[in-house]
Structure formats: structure tokens, C-alpha cells
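To start, the structure itself, in C-alpha cells.
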């Protein structure tokens, strides 16, 4: 084989030996004609021109010189863009998530065919009318079409009938010609079938494979196929051969993955442009980073975007106030050139005339079709706001996606119909439209909502939930088709089907569940619930297929359990995470000293693949150079966005410690949450401002930042602290208490809005409002109190103090459960008085109420046996229920939790021992009570169940039996065994209990040395350790549903949706939270039995 000679300035390229399909076939890059059967098939062919020359210096690109991107789109049905994109969803997975880059490539490929195909772009912009049939010279360029060789039977070479059908007849002879060479290079039949999408690449890969591997040694067969099957794949591979060496060197120093990404997504022109302009792009005044160059180039039209960035970045930054990062974000999409030019033209108009912010304009422009979306916003924003009642923020949300133009036009047309005829709200219509393919989803909701509700029993809310994702149209149609099958044949519930469908790629996930559920259950021993849990994420299809393939390997070769495999797979990017665990688990354990459990913990989050790779790379650096422990590194990595958090810790830890006086432990506490990267950056920026201008301490700033959404909470404190203190009479301490929880931003905004209403109209005090708001989910709790307090007080006879106590312990869910019970009494709770119900709700939240509803096995007999063992109801045995509620409420409302214990002794006239004993009975250790760090109600309930004699085993999150029901059955069995055993003396019980008082909270207040014991599932106890306990009253109640584009940075719309899409955290066990909570003695068991129904009806439902 002749060697590939180096690139020369000559426009002609030396031909490779062998066939040159790139130069004779219209499907090659040289652009004779579009694919057969394409929408532009009849348009005249464009004169063939050489495209091998190096890009010229920055100047207006000629690629669209005859018309704009929108002119191109007008040449054919606009729906082609969306249909092609969404029909490519089987491989989409998570297109906007770093966890699934391969899926993004498929979107690029789909868009290339539908939106901006290089061979047809220049045809579409010509002024000549289309011909009725292809030109004769186009046929002349394909002698193989009429050749008998086109009828070759590839099955003789081992291809299946299905594989042969995927290969176009005219390409089969080329496949046969290069089959032997490609197989010899290690390509499979499936690889060759994929490569045949671009026939020119078959010969190129067959002839130059060894050269490709020498130039790109890390490239896999899949990588080569991924580049080769694209429109300019053959020439892109040739360009990599000649230019990879220089691109690997300064100033870009690109790695193999980056080179392949540019070639795969941007094509040959992007590779050539990056090579030609590498010095200009990275030097002054642009100063782009290699990652930014790759991001811009790795798109359709990447070469034009690079040219436009060189021309417009200085203008947009200096004249329009954008940042270089914003310019890069706009350019890093298909059509980036047009989007940048439109931003330059429309940004002043949209901001001055329509009231948008530059950030909103950037958000709209930073998508495929950004140019058209901006123009449509300019045209329709007044109409949608004035005539349809939408807000500018809602219009921006709709426009800020691929296909935003079509979505806005469809909202204008269908919003009245969907609201008036189908009962949807404008917010629901906006939610459906605010995704790629929003137009098609809205039209499908209009068509299928009546059918799904009437024929299949779904609710409108469920239909909206399915439609409000990428691929909503296809998901709705698939639910209509498969819901009966999955329920009747596979035993799923409609709710489970809806949950699977309510993700990006829901269609493919449902079809894969139908296909693989029997296999995974029968062959691999998974439960249907576990299969649903894996499927119930973006990329569920790929995750299920990977579990089928890797579960035996991971269990047999690496010692993982099926539950661990399921936990890894049950996240966005689960497919990639599983493959990375298989690859890196031995390395991380042997070379870095991690345990398999730690590896699983890191992988069991969105973006687990990237987090594992970053731990492998940065763990030695963070430990040796920055003094962190491996446990601290694992804790940071074990969150959504762990990769970014680790990299930011490496970068900012010295700055935050040296310049701002934080400790490494505080930096870890901030980073150890979803969105840790953003929180760290915001602390660096706002800590001086909050301390100097607002009087906060660094400890308070750290407390606010050490939660999911810490960035937003800090920014909201900066904005609202003066307002809440001056206008509403709160203290800075109270503002910090509200902000120092997950969802602190939303809680602060809700306090600002509802505090006057709750105080003036409902008679609450500001202290009570703060107590309700100072928890995870404070926003929802406040809104629920506003809605249900009149009902509970007027209709059911509760006092406002009782309502506040329920809301401060169990939140929104406990309040709704109490209302449901009082309105429609459940037989299992009918024997309880209102005081009993309130006490139970304060003690264990909704999990406790639900547990009693589901029934305590053999409860009447157990209660009778306890009464026989301890016949006297002594005063120290049964506490007054109202008293328990008052004590809990006192602690929850105390503005200085660390002083609450001493104040409570005075307030209630109790001794230290008596108050500690009361708290022990409600699942609080003495040390927690002394420092005011009461655990969440759900955690206290778990402890009570354990202390009652149950050996707590962490259930699978997808267990078929609910945790509460399983807990109660085990509790009953254990309690019965205890009662049958010989009775120890009461003093012995007390001694035994005292000797075992070693709760997790004991460790939680001893200092940083124990902070990072590997309990990554309980972040509220990790980060608490570096802060005064008065700031760390962590009582999570709810976890907000819905995927976030940037993990851990929720926006208002995401958290607002939590009122309708809520994943219950109450019922989930707190891993390790009660591992060593001391067992109850008989007096305490009797006290617990007094809290539960004692009539025979308790066991009636067992």
C-alpha cells in the first residue's frame, strides 16, 4: 500500500489506491445529489467543485452565499426537521447530557439528513426550478446501478437477511468488494452495514485502516464507523490522517476523542477549519480554549461557526455586553453562524422593545434553529403575552429549544383549543411546548388526550407528563399502543407505564421493556419493579440493554450484586456508567484503594461515567496536593455533576482557603451536593459581598451553599435579605435558616409572598412561618398550609398550632394525608383521635400514617401481651400526646436550635433526663436533642421501627413491597419474639440501652475528623459536621422530580413543577441513619403501642 503523503497547498489531492467512491457516487461528499428518495431528490445537481483546499482567512463563508439558513428551510416541509430528529430517538438517550455523547451524535446525524445536508444545501439555494427526474449525468455517475453486481447476495458472506436489507442494492457490490479487508481489520458485519450508509468510507477504511490506527491509536472500530458513516465521513477520515499530528500539538493539543468528535459531527470542513485557524482561535483577542474550539467545530456548519466567531466575538462582547462563554454557547450548535448574526441584529431590539434580558436572548439562540427562534420571538411575544396571557419567561422557555419557532407558532394556534376543549391550563401547554419537538407533542396531545383518558383511564395530568419531554409525540402514541399489553401481559400498572413514558426517549424505553422484561426477570432474577426503575430515566432503552449484557459479568467477575447493578443503571447515562464500572472498578479498587461499594456509590448518579473517570484522574491529586481523604473525594463525586464538582474543588480549594478563610472541610461540604460546582463558584463570588454588605458570617454563607441549589439560594439571599428584614421584620438569622435547605431559593421567595397572608389572614406568627419554611420543600409546605389551614381548623377542629407542628415536621405530604384521613377516614385509623393523628404525623410524617393504614400484623394480640407484661399505665410510661406535639413544635420553631433543649426544660418544666427520654421515644438521640438537630420525621420513624426490635435492612428502591409495609411486618415478628423471651428487669433494660447510645448524630457533632465516613447517601449529615449545629437542622422531606440540564442547578420552573411531579423521599430509608440507634425497652415499646390503634380493626386489613 502506498503511504499517505502529507498535505500540500495544492487544491488537488493525490488519489488513494483502489476505488474512489467519494469522487464518483452522488452520495459522497462532493455533492452530486441527495440520498435516493430524499425530499430534494428531484432538484438539479450542482456542479462538482473541489473542497480540498484549506479554508481561507476569516471572511464571509460562501457556503450559504445564495441565501440564509431560513431560505434553505423554506425549500421543503419544515416538519422534516422535527420528524427526522424525533424519529432518530431510538439512539437519542440523553441528547443534552454529558453522560450520553453517542446519543448526541445520532441527533447530529439525523439533523444532518433533515436540516442541513451538505450535498443538498447548495442545491436548495439555487434559483433553478426542480426537474421532474434526475439528470442523465447523475445516472452516468453510477454505473453500478444497472450492473448485475448490484444484485449480489451478501448472505453468502455471512450477512443476515435483515442486514442485507439495510444495505442499498447499489452499494452491495461495494460492500462485497471490501468485505474481506474490513473483516480482516476486525470490523463486524454490523460495523460494515453501518459504514455502508456512506459507501465512500468502505474503501477508505479498508485501505487506510492501519494508517488511521497509527494516527489515532485510541480509536475503536465504533469510533471509525461513527465518523465514516457520516456524509463527509471518507474525507473526514482522510483529513484526520494528514492533520491529526499537528492538531495534537500546541496550541490545541487535542486528544483522540476530541479529534473524532470534530470529524464525526462537523465533518471534513470542520477538521480543516480547526487546523487552519488553530492559532487565530486560541490567540488574542479571541483566546478560546481547546474545549471551546471543539464545541464550536463539532456541529453541522462548524467551519462557518468558527469563521463567524472570529468575526463577531469582539463585537458581541464589546458592543452588546455578552461574555465569550455566551458567544461560544450560541455558536456551539448547528446553524451557529446564522444564530450569531441574528443575535448581533436582534439583541438590542429584544431587550429594549420586548424587555428580555441578554441571558434570555442567549438562551433562545443557543439551540439548533436559534436564528428562526429569535425572529419568531420578536414577532409573537407581544401576541402570546397580550392575547394568550403568557409571560415573557414562558415565551422564552418555549423558544429555548430546537424547533422553538414551530413550537411558538403551535402554542399560538392550539393554546385556546387545549385549554377550552381539553381542560388543560396554560402552564401545562407551556410545559409540553418547552421541549425539542414541542410542536408535534402539542398536536398529539390534542388528538390523543381524549382517547388516553376515556379508553385507557389516564388522567390529563398523566398525559401532560408524558408529552412534556423530548419525543413526547412518539411516547404518547406508544402508550396508546402498548399500555394494554404491558399491563395485561407483563403485570405493570398504568402508573408504571406512565412513569417510563415520561422521560426523553419514552417510546424506545416502553418498547424495550416489552421486549426485555421477561428476559431480565426470568433469566437474570430482577423484579418487574427493578426493570421499571431502570427504564424510568432518559436513555432507559440503552440502560436496559446494557443491564441484560453486563449484569452477569459485573456480578460474577466483579462481585457486585444485582441490586447494585440496578442502582447504577437507574440514572441518566446508566448505560455508560455500567460500562465504565466494568472497566474501572478493578483499577479504582487496586490502584486507588476504593471499595466496590464506593465505586458503586459514585456510579449511581446522573453522569456516573464522567464521575468515575474524574475520580481515577483526580483522586491522587486531591489527596496528595490538597490534603483531602479518599472518602471526601468519593463523597464529592457521589452526586449529580460529580465530575464538575471535583474539577472545581481542585481549582478553587486553594483560593477559598487562602483568600476567603474557609477550611478544606467546608469546601468539601459545599461541593458535596448536586450543583457543587456552581455553589463553589458562587461562594467565591458572593462571600465577600454577603459578609461585608449584609453582615453574614462565612459559616452562614457555607451553610446556605451546602445544599442542592446552593448557588440559587446564595443569589436569592443577596437579593431578598434586605427586603425580608426591612419589610417583613425577619432577622438575618431567620433568613439564613430558610435558605439553608434544598430549595432555599424557592422557600425565600415564597416567604416573601406568603408571610403577610399567613400572618394577617390565618393568624400565624412570623416565627411559625419561618419554622415551616426552614426545611427541604419549604415552599410546598407553606403553600399547603395556606390552602389547608382553614379546612383543618374550621372543618376538622385542629388548632393552628397543630397545623404548624404537622407542617414543620412532615411538610406538605403529612398535611395532605391528615386532610385525607379526616375527610375520608381510613378504617385502620378510625380509632385514633385527632390528637393521636397529629402526634403520629409529627412523629413520623406521612410514612407513619401510611404504615398504620397498611396494617401492623397481629397488632391487637401484641398490644394485649404488652399490657399483660406491664399492667400498670404509669405516668412515666405514656406521655401526653399533645405534650409531645408541643415539644416538637417548640424545637422546630426555635430561632437558636442549639439553645432549644435548655429553653424547653424551662418552658415545659421538665428535667434533663425526662426531656431526653421523651426525645428518645420519638427517634432522637440525646446529643441531637441537646444541640437542636432534630432529624427529619421520616428518619425518626425509621429509627423507631429499628429500635422496636427490627434489624433494618436497606430495601431496594424498587422493591415490590413498600418499605413501610415490610418494616412493619418485620417489626411485628421481632416484637413477638421479644415478648416470648424471658423478661429482663427494667433496670437491666435501662443499663443495656444506655450502654448502646452511639447514634450517627453522636458522630455528627464531634467534628470534621469523622465527617467523611463513607455515608454518601446522607448528605445532610456529612455537610453538617463543619458548621455550627444551629445552622444544620437538615430535615429533608421531598425530592424534586424532573431532570436538570446542568445537574444540581434547579431553576424556578423545575421546582415549581414539584407540586405536580413529586418523588417521595419520606418513605425512603436514610441509609445508615439508624444503624446503631439503641433498642427500645418494654416501657418504650408500650409507649409506642399507645400511639397506634388498639381496636380489633387494626388487624382487620392484614
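Backbone N, Cα and C atoms are what each Cβ position is placed from, and that goes for glycine too.
Quick look at what Swiss-Prot lists:
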- 1-68: region 'Disordered' (REGION)
- 127-151: region 'Disordered' (REGION)
- 130-140: compositional bias 'Basic residues' (COMPBIAS)
- 141-151: compositional bias 'Low complexity' (COMPBIAS)
- 322-355: repeat 'Core repeat 2' (REPEAT)
- 356-389: repeat 'Core repeat 3' (REPEAT)
- 424-457: repeat 'Core repeat 5' (REPEAT)
- 458-491: repeat 'Core repeat 6' (REPEAT)
- 492-525: repeat 'Core repeat 7' (REPEAT)
- 560-593: repeat 'Core repeat 9' (REPEAT)
- 594-627: repeat 'Core repeat 10' (REPEAT)
- 628-661: repeat 'Core repeat 11' (REPEAT)
- 662-695: repeat 'Core repeat 12' (REPEAT)
- 696-729: repeat 'Core repeat 13' (REPEAT)
- 764-797: repeat 'Core repeat 15' (REPEAT)
- 798-809: repeat 'Core repeat 15.5' (REPEAT)
- 951-954: motif 'Nuclear localization sequence A (NLSA)' (MOTIF)
- 978-990: compositional bias 'Basic and acidic residues' (COMPBIAS)
- 978-1021: region 'Disordered' (REGION)
- 997-1000: motif 'Nuclear localization sequence B (NLSB)' (MOTIF)
- 1034-1037: motif 'Nuclear localization sequence C (NLSC)' (MOTIF)
- 1063-1093: region 'Activation domain' (REGION)
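For the repeat 'Core repeat 13' (696-729), the neighbouring stretch richest in Cβ pairs under 8 Å, chosen from 424-457, 492-525, 560-593, 764-797, is 764-797.
Long-range Cβ contacts of the repeat 'Core repeat 15.5' (798-809) within its own chain (Cβ-Cβ under 8 Å, at least 6 residues beyond either end) map to 762-764, 768, 771-772, 775, 781-782, 784-785, 788-789, 792, 815, 818, 834, 838, 841-843, 845, 885-886, 888-889, 892-893, 937, 1035. In the repeat 'Core repeat 9' (560-593), the DSSP tally of helix, strand and coil residues is 27 helix, 0 strand, 7 coil. Counting residues per DSSP class in helix, strand and coil order gives 27 helix, 0 strand, 7 coil for the repeat 'Core repeat 10' (594-627). When DSSP labels each residue, the repeat 'Core repeat 3' (356-389) comes out as 27 helix, 0 strand, 7 coil, counted as helix, strand and coil in that order.
Per-residue pLDDT, averaged along the motif 'Nuclear localization sequence B (NLSB)' (997-1000), amounts to 30 for this model. Counting residues of the repeat 'Core repeat 12' (662-695) by DSSP class, helix then strand then coil, yields 27 helix, 0 strand, 7 coil. Mapped onto DSSP classes, the repeat 'Core repeat 5' (424-457) shows 27 helix, 0 strand, 7 coil.
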